[in-house]
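Could you have a look at this structure, given as structure tokens, before my questions?
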């Protein structure tokens, strides 16, 4: 890591072509500057650190070997793109992942060097297949490069794409497997074992590089001799590599493994790949967090994603006097573990996100009752249906945005068979800095049309614990959704009605205005009701923790009201709004288009999902209704 905060070489780069004039010494210094810049910048804003530290040399070699944007580079997963952004002239990392700042993923809005905002894993090879096919048809002979890493090869889409790529090899497609042995944490499964066999064989890389060095010391004759026999050397050494067999059976040429932190070796490999001019796999071995000791010492995930940290230690930068708050994810993980201790039928399923979804403690206590299936959401859900068939109660812990990928399996494998599978949808609603692709706003629209499913949205830690205990005893499909971040303060009910409907504010005798608050929106709605009361307008706030299907008590309450207000943190979808027509309904939901990045509070305020905005809108609409009577 550089000791001086001087980035002269980095700051001189405005396009990838600027790299062409750099000397080897300057390139070495540039790698140092880039790595230090990433550490210092991401420490201030948070972001994907470990992954990007591992692709510094790879990104520079790619841009020196190919001609972006004419040769298009597609990253999978897209969070590996920070160095790519720097090389393509985007140096303003002060507002990385903040409102109006640089995206943490590739973005066409930022640069024509970015092809796809691919923050959902395993899609790049399908994109590369389509782009390369189109270029062949259109007579465009530029290269398409797919950089596939951070566990993306555990996703089925990659293999579907490889199946099609191998069937049509008349195109210039380079597939770079960035093999760091991890997704968030260590990559699991059979594919990972194939790749790990190569990574574990350090003698393989050493023999390849040593043989080249020996011949190079013989001068020009030695280098010519090596060029002539390197194929035989590679073939001999590849006999020790199971990875070569894995890819060669797909009838796609394989080159590697290559030391991903040796720029010279990378550029040589890419030169060979270009000469082949057909689909080829370049297997690159990298180290997540390379060059930054705190990342390498982080056994959990090599500082995959960080918040604001102290760059000298990699530790979270705590604010003086700040009290640590429980998170929704943490409360879920603790409660599931507690329930599993007494209910041996509870098992957990996750798609390469054991720690981010709160299952680490569960895995430590019950390693044989948790199943990490890799980045394979469709498989996770269908496998859970099989677990349920044998009498277990699987809890599928998944981010709301990734649930979209498995909708068919929810419908056809779980719901069609009435399987008692519980989906725990973390990061539901507005998530914040990861932007449009990570907001969990579509789950309500999708799941409300699934026959037989029950949907729950706890408002605080207590209702989350109670709800989790309830759904783990249900004999039907269920789903619980909660947002990202610190859990809300407990909001006790004033009174509980039948079917689990809680009254949070107001008198049940006054039904001029009934506010139906779903999940965490209960807090904003109670605040709105308090503000309305200050203006002499009385209202009742009810909170159905199980909000779908619609309860008769909810329908009975709203049928008598002069104004019905619905507040939920999701895109507008079928529900109460279909039951209440016309002026009597006022909805507070998330607009149905893609939402930008920014802090959760910033975005909720901009949308109008806060107590003050809700109160103003209710007051204006209620006055209209009164004046029209």
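Going from the start of the chain as shown, residues are counted 1 onward.
Note: Cβ is positioned from N, Cα and C throughout, glycine not excepted.
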Per Swiss-Prot, which one of 100, 170, 180 shares the thiamine diphosphate site with 79, 119, 120, 121, 151, 152, 292, 377?
180
Can you tell me how spread out the thiamine diphosphate site is, meaning the largest CA to CA distance among 79, 119, 120, 121, 151, 152, 180, 292, 377, in Å?
32
DSSP on residue 79 (thiamine diphosphate binding site), three-state: which is it?
helix
